[in-house]
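A.B. asks: So Swiss-Prot lists these for the protein:
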TRANSMEM  14-34  transmembrane segment
TRANSMEM  45-65  transmembrane segment
TRANSMEM  69-89  transmembrane segment
TRANSMEM  97-117  transmembrane segment
TRANSMEM  137-157  transmembrane segment
TRANSMEM  161-181  transmembrane segment
TRANSMEM  211-231  transmembrane segment
TRANSMEM  246-266  transmembrane segment
TRANSMEM  268-288  transmembrane segment
TRANSMEM  294-314  transmembrane segment
TRANSMEM  330-350  transmembrane segment
TRANSMEM  358-378  transmembrane segment
Amino acid sequence: MNMKKGVSQLTLQTLSLVAGFMAWSIISPLMPFISQDVDISPGQISVILAIPVILGSVLRVPFGYLTNIVGAKWVFFWSFIVLLLPIFLLGQAQSPGMLMLSGFFLGIGGAIFSVGVTSVPKYFSKDKVGLANGIYGVGNIGTAVSSFCAPVLAGAIGWQNTVRSYLIILSIFAILMFFLGDKNEPKVKIPLMAQVKDLSKNYKLYYLSLWYFITFGAFVAFGIFLPNFLVDHFSIDKVDAGIRSGIFIALATFLRPVGGVIGDKFNAVQALIIDFVIMIIGALILSLSSHIVLFTIGCLAISICAGIGNGLIFKLAPSYFSKEAGSANGIVSMMGGLGGFFPPLVITFVTSITGSSHLAFFFLAIFGVIALITMIHLNKKEKAIRI
């Protein structure tokens with residue numbers, strides 16, 4: 001394998017993921033500013049924040065498959081070109097409908113995640129795949145970049161101009177990918193239906209999808225709802241709320257490669273069991289207390305476990321589905337994206353009925369317990385095979 005080419009493509013694709021996730025997550029940190037200029041109800045805010053997740057999740061399956069057909073270069077390039085339109089529309093938005101429309105197509109920025117997790121492993125040996133995919137996953141930091149920088153920029157130049165500045169970033173990365181992307185990337189051309197048929201018979205796909213639904217779903221969901229949640233429930237300043245949300249995202253992002261390394265060196269399923277036990281404890285803390293200190297501790301526990309869990313899961317995926325990597329990565333990552341769609345809506349719904357968000361966080365703990373049971377089952381089956 002060409003290590004030099006692998007490192008260069010890993011670097012380019014990771015930075016491209018940063019740009020994509022910056023665009024995907026731009027609405028959430030700017031919502032406290034947008035809601036001052038546009039008349040939006042709390043229910044509409046929840047929908048607007050959740051909408052980018054829909055396309056960002058569903059497109060991950062075809063994007064993963066297309067990467068194996070045409071290569072990461074062209075999927076990234078055309079994604080950046082198409083993203084220019086919703087960014088432009090968002091900068092002009094003056095109604096909830098326009099915010100929803102532009103937000104929907106911003107989902108393309110999240111869908112490109114499955115491009116790299118399909119492409120990157122082709123350049124590395126099996127004992128380095130966990131680390132390589134973990135490093136690529138650091139591109140999720142694009143969400144934190146928007147959380148940190150967008151509110152500060154909006155305070156200085158206005159939220160509309162902040163959005164428009166992203167047009168420059170996306171254009172730069174389209175050009176970089178056009179000239180530096182690998183046109184000779186190895187292709188895998190197994191018919192899609194044949195891949196789906198084989199995958200549908202493998203229970204491990206359903207297990208990994210459930211686990212990633214929780215870990216990446218928590219990463220996305222907390223990144224979406226925390227800025228507004230902190231402002232509304234703890235009366236925290238808008239910029240401070242963005243910084244706190246950015247810390248959650250950054251911590252989870254930088255721990256993703258740690259999860260990959262742990263998966264390379266130890267039993268990834270057993271590591272996930274420990275990871276989920278701690279995540280469940282964090283969710284229970286959030287469900288039982290409204291104090292800002294305990295809320296922070298619970299959020300940090302979930303951030304740490306989500307980051308490490310994400311890395312562990314995408315160490316397992318290439319080893320379980322080597323022939324159907326593109327489609328499998330797309331399906332698993334799609335479920336992770338969808339995991340970020342529902343929680344903000346559930347939190348808003350539960351809070352409107354009970355006056356508290358505690359029950360919503362308890363649901364996270366319940367899902368964690370269900371996932372834990374499946375991990376124990378898989379671990380027992382793999383032990384039996386080794387014996």
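Including glycine, each Cβ sits where the backbone N, Cα and C put it.
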A.B. asks: Can you tell me which of 97-117, 137-157, 211-231 gets the most C-beta pairs within less than 8 Å of the transmembrane segment (268-288)?
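C.D. replies: Most contacts with the transmembrane segment (268-288): 211-231.
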A.B. asks: Test the contact criterion for the transmembrane segment (211-231) and the transmembrane segment (358-378): 3 or more CB pairs under 8 Å, pairs 6 or more apart in sequence, then answer yes or no.
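C.D. replies: Yes; at least 3 Cβ pairs under 8 Å.
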A.B. asks: Which residues, given as numbers and ranges, are at least 6 beyond the ends of the transmembrane segment (161-181) yet have a Cβ under 8 Å from it?
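C.D. replies: Distal contacts: 8-9, 12, 15-16, 19, 22-23, 26, 30, 71-74, 76-77, 80-81, 83-84, 87-88, 90-91, 150, 153-154.
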